[in-house]
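Novice: Before we start, here is the structure in question, set down as structure tokens.
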Amino acid sequence: MGGPLGAIIGRYPSAAAGGDDELGGGGGPGAGIIRHNRRCRDIAFLVIFAAFWVAMIVNSSFGFNQGNPLRLTYELDYKGNICGDKHGDPNLHELDVRYWMNPNQVYQSGLKNSKVNLADAKAICLMECPNPAVDGLNFICDYPEGDIRLSVDDWINRDYDYFEFLTPDMRNSSLQLQGPCYPVIFPTVNVYWSCQFIARASNVSLKHWQQMGGVSIDENILIDKTVHKAIDSRSAVLKRYIADIGKSWPVFIVCGGILPVFLSVIWLLMIRYFVAAMTWVTVVLFNGLVISVTMFCYIKAGWIGNDPLTVVIGESDPYVHISGREISHLHTVTIFMTAVMIIAFLSSIAIVRRILIATPVLKVAAKVIGEVQALIVFPLVPFFILAIFYMFWFAATLHLFSSGQVIRNDCNIDCCSYDLKLGKVNCDNCCGYSIHYTPHISIAILFHLFGCYWATQFFLACSSTVIAGSVASYYWARGEISLVYSPLLTIQATSMQHDIPFLTVVSSLKRLMRYSLGSVALGSLVVSVVEWVRFILECLRRKLKFVGSARESCFGKATSSSSECCLGCIDWTLKSVNRNAYIMIAITGKGFHKASVLATGLIMKNILRIGKVNVIGDVILFLGKLCVSLFCALFAFLMLDTHKYKSAHNKISSPLIPVLVTWALGYIVAKLFFAVVEMSIDTIILSFCQDAEEHQGNAQYAPPLLMETLDEQSDLQRLTLDQGP
């Protein structure tokens, strides 16, 4: 333990504050208990945290300077322009669909051992994917320039066809599939803003092309598979997922910001006034929401009804049954949610009898909220800070993920196309353009993701520390008031108790800002580092699955599973220790390490007395946070199922990532508000432990309801031990 804390909390309040000044103007309730000779702790880690913020700003500035979020959704044409970019050459505003003009190049790029790459095939940007004419032959011509005196608007109005204006040389090169005009032989469909070829050539158009003397066009199914392979690549899917985040910002504001605040406040008010019923309501509501979210996953995965990913493509599209990665990911999540639903239902049945144990503890927390009413409003402060941070972070994320350089490919192929500027066929510009990502961009993205986690943990820890300081002041102020005997001081004490709702939160916030930010930065950093070690090891474990020896080795499997389990236990333990450390930081003003030792010592001495009560209370609070976040996820599904996210530029590739991000935001907001109850329980229990230790096992200042609950648990534990062998 490191020595008693009597001069700080509990036993000798006057020794710390200085006599009668404590109940007079000496700093409000709990001044002699909470306020003592404090000083700044863990300053080095506060400096590290400040340096981290500077690095975050510099890192994000690089993304804002080099990135273009349009690259995440739309692809490049043969000139290196981003489709849909109004700053391109020419202006490609609203021309956001990529179309490959030469079907033979697409076919050849799919052949094994071919030197032709689809990225080098000649592609332009159109408003919509073209289809063959019913009774003739359509052409798609290159961007108008040189001798073609058409504006881009006129070119669009003519359906991209100016074949009739071509000179004989231009017509002859077009018939050789060298441009500037190319025949539309295959129907195409817009899949993820690229024109997917359908390997069913139009007989009418093909007949007209042959009659004009055009070269042979390959009709193999490979032309279909080649485009699909490019659209369904891992990098393309990842870019679409990131782009979905940028398009779904209204969903995040409503379902990840406003809705969880409203639901959390309602839950806190219900705990305040209907605490006995809320434990049961929480369990029932949690199971209902898990079932609802699981059913939505089944619908979007296409396993219930005939609606797989209509958010992306549409019921009339011939590729509605495309076996893409987005649908396979939805299938995986659906299976996972099915397992969660079964486990949740069975777990709820298992804890039914133990729910009654949590009710008295929640009643104590409800009493604290009733006395310190400012605690319900306080989480709005870190909420707005986190909201501003997340808006900045998401914007930087979109730019960082799109910050690669557009560089011309290095290809060794023989191809020729008509150059309108030169006025002749040119065989030197066969290579297309691609976005190249350098290793330092990957490092910048990883640092950006780590920074988000650390910042989130830091703000949550600050909020928890302020709440703990407020509740501790309330607990120990009861003891100070009980020591007052004179009528005059009794009046002053009553005035102090009336001021508790307003003074304790502000005073606790001031103490945090002045003394303990370094300690909070250290605690949040420890959790963040452990989480990222788990993440890195999990990535390595997944890669080892593809190695034959690792897959077949039982020792390798056992080592992987045991290391993952150990890291999970360490992470859970650290989070628990951190939470109690923040309480002792708020009470004693100690550094993070000493506060952790003090908190752990108190808990270990009273583990049999408080363990069961605290665990069941934490389970109910955890289910409450899941209820809020699952309701947000369910509402996000409903918002994403509207017409706005199924058409035009707002069309998302999959509801999966927006829903998961909404769930995470909802859980973080719920954690901010539920920390009021969570930290109230933990702070009162730790204060109770210290109170009991300083008064020979009999806590003097504990609320009667808490004393009754803990004494019952203590008697039950003693009875169990007495009946043992």
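Easy rule for this one: first residue shown is 1, then count along the chain.
Using the three backbone atoms N, Cα and C, a Cβ is placed for every residue, glycine included.
All TrEMBL annotations are machine predictions without curation.
So TrEMBL has the following annotated:
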type: TRANSMEM; residues: 43-64; note: transmembrane segment
type: TRANSMEM; residues: 249-270; note: transmembrane segment
type: TRANSMEM; residues: 277-301; note: transmembrane segment
type: TRANSMEM; residues: 333-352; note: transmembrane segment
type: TRANSMEM; residues: 372-393; note: transmembrane segment
type: TRANSMEM; residues: 458-477; note: transmembrane segment
type: TRANSMEM; residues: 517-537; note: transmembrane segment
type: TRANSMEM; residues: 581-603; note: transmembrane segment
type: TRANSMEM; residues: 615-640; note: transmembrane segment
type: TRANSMEM; residues: 652-677; note: transmembrane segment
Novice: To the transmembrane segment (615-640), which of 43-64, 277-301, 372-393, 581-603 is linked by the most Cβ pairs under 8 Å?
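Specialist: Selected stretch: 277-301, with the most Cβ pairs under 8 Å.
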Novice: Before we move on, state whether the transmembrane segment (517-537) and the transmembrane segment (333-352) share at least 3 Cβ pairs under 8 Å, counting only pairs 6 or more apart in sequence.
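Specialist: No; fewer than 3 Cβ pairs under 8 Å.
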Novice: In terms of Cβ proximity under 8 Å, which residues at least six beyond the ends of the transmembrane segment (277-301) contact it?
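Specialist: Apart from its flanks, the transmembrane segment (277-301) reaches 267, 270-271, 307-309, 311, 327, 330-331, 333-334, 337-338, 340-341, 344-345, 348, 351-352, 355, 358-359, 362, 620, 623-624, 626-627, 630-631, 633-634, 637, 655.
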Novice: With a Cβ cut-off under 8 Å, give me the same-chain residues at least six positions beyond the ends of the transmembrane segment (652-677) that come close to it.
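Specialist: Contacts with the transmembrane segment (652-677): 192, 237, 240-241, 243-245, 247-248, 251-252, 255-257, 259-261, 263-265, 267-268, 271, 300, 309, 311-312, 326, 329-330, 333, 362, 365-366, 369, 375-376, 378-379, 382-383, 386, 390, 456, 460, 463-464, 467, 621, 624-626, 628-633, 636-637, 640-641, 645.
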Novice: Report, as numbers and ranges, every residue of the chain located at least six residues beyond the transmembrane segment (458-477) whose Cβ falls under 8 Å of a Cβ in that stretch; write 'none' if there are none.
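Specialist: Residues 9-10, 13, 28-30, 33-34, 49, 368, 371-372, 374-375, 378-379, 381-382, 385-386, 389, 496-497, 500, 504-505, 507-509, 511-512, 516-517, 520-521, 523-524, 578-579, 582-583, 585-587, 668, 671-672, 675-676, 678-680, 682-684, 687-688, 701-702.
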Novice: For the transmembrane segment (249-270), find every same-chain residue at least 6 residues outside the stretch whose CB is under 8 Å from a CB in it, and list them.
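Specialist: Cβ under 8 Å, 6 or more out: 278, 281, 369, 376, 379-380, 383, 387, 394, 624, 627-629, 631-633, 635-636, 639-640, 658, 661-662, 664-666, 669-670, 672-674, 676-677.
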Novice: With Cβ-Cβ distances below 8 Å as the criterion, list the same-chain residues six or more beyond the ends of the transmembrane segment (372-393) that contact it, or say none.
Specialist: 60, 257, 261, 264-265, 268-269, 272, 448, 451-452, 455-456, 459-460, 462-463, 466-467, 470-471, 474, 500-502, 504-505, 665, 668-669, 672-673, 675-676, 680
